[in-house]
Amino acid sequence: MRRSRRPARSELKNTAYEIFIGVLSILSIVNLVLVYVWHDDGALELILSAMNALFSVVFLGDFIYRIATAESAARYFFRGYGWADLLASLPFPQLKILRVFRLLRVYRLLRDVGPRAVWNTLIHDRANSALMTLLLFGVLVLEFGSISVLAVEEHSEGANITSAADALWYTIVTISTVGYGDQYPVTTSGRLIGALIIVVGVGIFGTFTGYLANLFLGSGGATADGSADDEGTDGSVTAGSDAAAAGGPAQVEAERADASERADASERADASDGALLERLATLLAQSERTTSELRVLLADAAREADGER
């Protein structure tokens, strides 16, 4: 009999999560190459080092998560490249090449499941897929946005984004649509990069708000439905026994109690819908403010471009 290649359920985590970890592994390996390419530029190298430190924390958390949920911790550690995951998560440049093993494991797991099954899972589990996509976009924008804005601003006249810390801070507050204004681009290219970061930031936080609303409403609806079902079952049993013992009046009383419970469940569902509408209204208001700021930013960039011409 041919041995099944299907991975164990405890070994294969959420499909979107596996893809997220795989892409981060690729990005961390690319960063190793970029560090050698930009070794003469200390500021850009510091940005890459900061991102690699962030990846180390993520990969260490992934190792703890996998070994805690594995059917056999020893099998995962020795036969599932767990030892490589642990070493690759340590903040030592010489060990980061071991992240290739993590990438190979993710590829093997997704290959064994099959492309069609992976796609169907991503479509079916839209909430988690959106969350992982959101996190991945956030990481990509944080790294390449910081590198880009620093590259065009660092040596410009009157620039205030001149270090890796300045670039990372500017990108973080711009993604979050806070925009303190203590760091800002002074060149046309830098402002265009900032505008792109703002647009991505609005999309990220809009997706995150929708994910939280779906999470809260889903759990609340499941609780309400479950309690209503339990109470309905208990009411039926009680009504049946009371009817057998006391006759019609007990049956009528049980039906009234059941109707009251259903009304309470409906009120809870209406309250959840109201909370969702409030969150969506808040998101729309924030999007309008961000759009206004973006228009002002683009207008300033256009005026500066006209002045330069």
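Positions of Cβ are set from backbone N, Cα and C atoms, glycine also.
Residues or ranges marked as compositional bias 'Low complexity' by TrEMBL: 234-252.
The compositional bias 'Basic and acidic residues' annotation in TrEMBL covers 253-271.
If you look up TrEMBL, you'll see 15-216 marked as domain 'Ion transport'.
Annotated region 'Disordered' per TrEMBL: 226-271, in sequence order.
Look at TrEMBL and you will find 20-38 (among others) tagged as transmembrane segment. Tertiary proximity for the transmembrane segment (20-38) is limited to same-chain residues at least six positions away from its ends with a CB under 8 Å from its CB atoms, namely 44-45, 48-49, 51-52, 55, 58-59, 62, 93, 96-97, 99-100, 102-103, 106-107, 110, 132, 135-136, 139-140, 143.
Summarising the annotation, TrEMBL assigns transmembrane segment to 44-65 (among others).
Residues or ranges marked as transmembrane segment in TrEMBL: 130-152 (among others).
Sequence annotations record features per position, and here TrEMBL assigns transmembrane segment to 158-180 (among others). The list of residues near the transmembrane segment (158-180) in space but at least 6 beyond its ends in sequence, with Cβ under 8 angstroms from a Cβ of it, reads 43-44, 46-47, 50, 138, 141-142, 145-147, 149-150, 186-187, 190, 194, 197-198, 200-202, 204-205, 286, 289-290, 293.
Residues annotated as transmembrane segment in TrEMBL: 192-213 (among others).
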